[in-house]
Structure formats: structure tokens, C-alpha cells
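Chemist: Pasting a structure below so you can have a look.
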Amino acid sequence: MSNVRYISNLTRETYALILAGGRGSRLHELTDWRAKPALYFGGKFRIIDFPLSNCINSGIRRVGVVTQYKSHSLIRHVMRGWGHFKKELGESVEILPASQRYSENWYQGTADAVFQNIDIIRHELPKYVMVLSGDHVYRMDYAGLLAAHAESGADMTVSCLEVPIAEAAGSFGVMEVDEEMRILGFEEKPLQPKHSPGNPEMCLASMGNYVFNTEFLFDQLKKDALNESSDRDFGKDIIPAIIEKHNVFAYPFKSAFPNEQAYWRDVGTLDSFWQANMELLSPTPALNLYDAKWPIWTFQEQLPPAKFVFDDDDRRGMALDSIVSGGCIISGATVRRSVLFNEVRVCSYSLVEDSVVLPDVVVLRHCKIKNAILDRGCIIPEGMVIGYNHDHDRAKGFRVSEKGVTLVTRDMLGLPVGYE
């Protein structure tokens, strides 16, 4: 059998479950009204678009999206952008909200979120189940992960990458492996992670992406459901319980393309979210959103092109080293090194620098803004200065991050809340 057909068979026999119910509490007010996977990224996308696009580009066409925390905007986005698949052709993207199938509880953990959907997975008759995190930004060919899983004879395979120990401490599941990448030990979010072989500054961290043989997964979930002391979590409970008696392997994260650096970002803090968006402004960013070989799919709103108006010496509409999305109007203002999402308006004599501006924001005249995140629907009053003095920002009720990024939301401006 050719390698292409072999991979095609593997992906056709796989059901992917994307866990998209998390809040992302380290993002503070930015996730007060939306789940983290519904958060905007890169000018026109939402975070959930990245694992979904990875599935489609990898040939996996049966996908479930598990939702829970403040899921309205996430559900609406998936229905609009991903509802065109045809069930009769064996392809679908289904939304799986917490519905108390097996108990009166909502999803209690990552493993419980899968356990409560066993009947839906079983109906699809997959040979393999892929469980994916829905709150990271990355490009990954899941077909390579599936092939490694099948060829190793594994019961479970955990996708992993090397991260600095200081970054992993308290944040990532960390594993120990042998020469064949068999997992020998696993700790969930240890405060003192064990380092990688031969590299005392790095450790092998779980990406939260797993492949299981289907019946093996069901057996382990049922056992875990009977354990009253379990946290119902893959990293805390399932993986540590199975590594001694079963074949559990690690799969090092690779780029979707040869000779290209692998890209993965955890945008779980205000600083990391801001930084990951700023990286896109590089002439050759690590994440190439313009690569036609691996497109990132999303809901395409019907919007007019961006417009730049006025060309006077003291009133010139322009954007430099920036991403400016559809429906934006830069009216006699200057935008530098910033990411502007859909339908942002920046009015005359204002300056926006080094900022991430989410959809439907209006910056009125004579404003100066830098190193900021402006949440959706903000209306910045005329003459307001943001990002130049952190004490003044805090006095206005804005949040300033550890690295000096100022977050502004509608609530902080005294506007009606509930924008998603």
C-alpha cells in the first residue's frame, strides 16, 4: 500500500474531539464573555480555527467540538464557519455542549468531557480517537502523529514539545521517555519539572493532544469514572495510571512542512497573546498565515475592503507594518505595528502603535494608544491616552500586565457589557 493511501486510511478511520470548553482565566477580563478558544487571533481568526484547520488540512473530516464555559460566541462561530460539511459524505464538524448525559454534573475535567460523549464517538465507529486541545495556536499535520501511533503499536500516543523548564513549571504536563520515546513517567504541571535527557534547561511537555485506540480509550474512561478520587483529567489521572502496564508513546511535535520551524504558541496570558499577534507583523513570521498549502479556515464575513482617507500634512490616514482587516477605516490617523481586526475605525489625529485591536472598536479623535489590547466594541473617548503611563492606566480602571501591556474592555469604559 502506498504511503499516501496508508495515511488516507488512517485519517478516514479517525474521529477528532477538540476540547474547547476552557475559560483561560489568566487572560482575565478578555475571557469574561467568551471561552478562550473563541478568542480572536491574527486579524480575522479565532483560536478554535487553528485545530479545526489542522484537522481538515490533515484529512480528518469527522470532528466534534466540546464546549462548556460561556460558549455562545464559540458555537455561533463554528456553526457559521464550519457548518458546511456534508454528513452523507462522511464529514462533519459537530458541536458537543455539556449535556449531563451520564450524571447531573457538567464536564468535570478533560477525561470526563470525552467520557460523557462516548455514545456519540461510538456511533462514528472510528478505529482511532484523537483528543485535541482547542486553545493553542499552531500548525500541525495530524497524519504524521497518527502514522507514528499506528506503526509503534501504541495504545496511546501523546504529542509533545520541548519547552524551557521555567516556562513549564506549574503550567504543562511533563514526561520522561526512553530512547524509543516510550513514556516512563508523567507529572501534570509539576513545580519542579524533570529535564530532558542531555538538556538541563529544557523539559518534554505535553501539548494536550492525544491519539487512542478507540476501545482502549473507552475502557480507561470507564475505569476512571468508577474512581471516586479521580479528577477526571487525562494528565492528572489517565496517563499516570496507564504508563506502567500499557504502550504509551510520545510524539515530538514537527512542522507541517519540511525545512520549516515548527510553530506552537500558548496564548494563555495577556502578554503571550499580545506577543503572538505582534510576531505576525514580521516580514517573515514563524506563523505564515499567507501559506496556500496550509490555509487557516474561518467564518468569512461579507465586509467591504479596508479604507485609508485624508492625505494632508497633519492629517494622513495610513498604516505601517500592520495587519488591517476588512471593514476598517483609518481616517486621517496613523497606525503602526498593530493588528486591527474587522470593522475598526480610527479617527483623525489619533495614533495607534504596537497594539491589538479587536473587532468593532472605535478610536475617536486625538487619542494616543500604544502597547495595548482593545477588546471588541470598545469606544475610546476623544483625547484619551493609553499605554504611556501605567499608573494613569490603572487609575482609569484598565488592567496592566506584568510586561506592560494595557487591556481595555467595554466594562472598564463604562459601556454595556456582553460583547463576544
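Each position is counted from 1, following the chain as shown.
Note: Cβ is positioned from N, Cα and C throughout, glycine not excepted.
According to Swiss-Prot, the alpha-D-glucose 1-phosphate binding site annotation covers Tyr107, Gly173, Glu188, Lys189, Ser206, on the basis of sequence analysis.
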Chemist: So for Gly173 (alpha-D-glucose 1-phosphate binding site), how many other CB atoms are inside 10 Å of its CB?
Modeler: 24
Chemist: Considering each pair of residues in Tyr107, Gly173, Glu188, Lys189, Ser206, all listed as binding alpha-D-glucose 1-phosphate, report the largest CA to CA distance in Å, no decimals.
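Modeler: Looking at Tyr107, Gly173, Glu188, Lys189, Ser206 as a set, their Cα atoms extend up to 21 Å apart.
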Chemist: Identify, in sequence order, the residues in the chain of Ser206 (alpha-D-glucose 1-phosphate binding site) that are 6 or more apart from it along the sequence and have a CB within less than 8 Å of its CB; answer 'none' if there are none.
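Modeler: Val158, Ser159, Cys160, Phe172, Gly173, Val174, Met175, Phe186, Gly235 - these are the non-local Cβ neighbours of Ser206 (alpha-D-glucose 1-phosphate binding site), listed in sequence order.
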Chemist: As a test of the contact definition, list every same-chain residue at least 6 positions from Tyr107 (alpha-D-glucose 1-phosphate binding site) whose Cβ is closer than 8 Å to its Cβ.
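Modeler: Looking at Cβ-Cβ distances below 8 Å from Tyr107 (alpha-D-glucose 1-phosphate binding site), excluding near sequence neighbours, one finds Gly21, Val66, Gln68, Ala98, Ala113, Gln116.
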Chemist: Under 8 Å Cβ to Cβ from Glu188 (alpha-D-glucose 1-phosphate binding site), same chain, six or more residues apart: give me those in sequence order, or none if nothing qualifies.
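Modeler: Non-local contacts for Glu188 (alpha-D-glucose 1-phosphate binding site): Gly173, Asp233, Gly235, Lys236, Pro240.
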Chemist: With an 8 Å cut-off on Cβ-Cβ distance and a minimum sequence separation of at least 6, pull the same-chain contacts of Lys189 (alpha-D-glucose 1-phosphate binding site), or say none.
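Modeler: Long-range Cβ contacts: Gly170, Ser171, Phe172, Gly173, Gly235.
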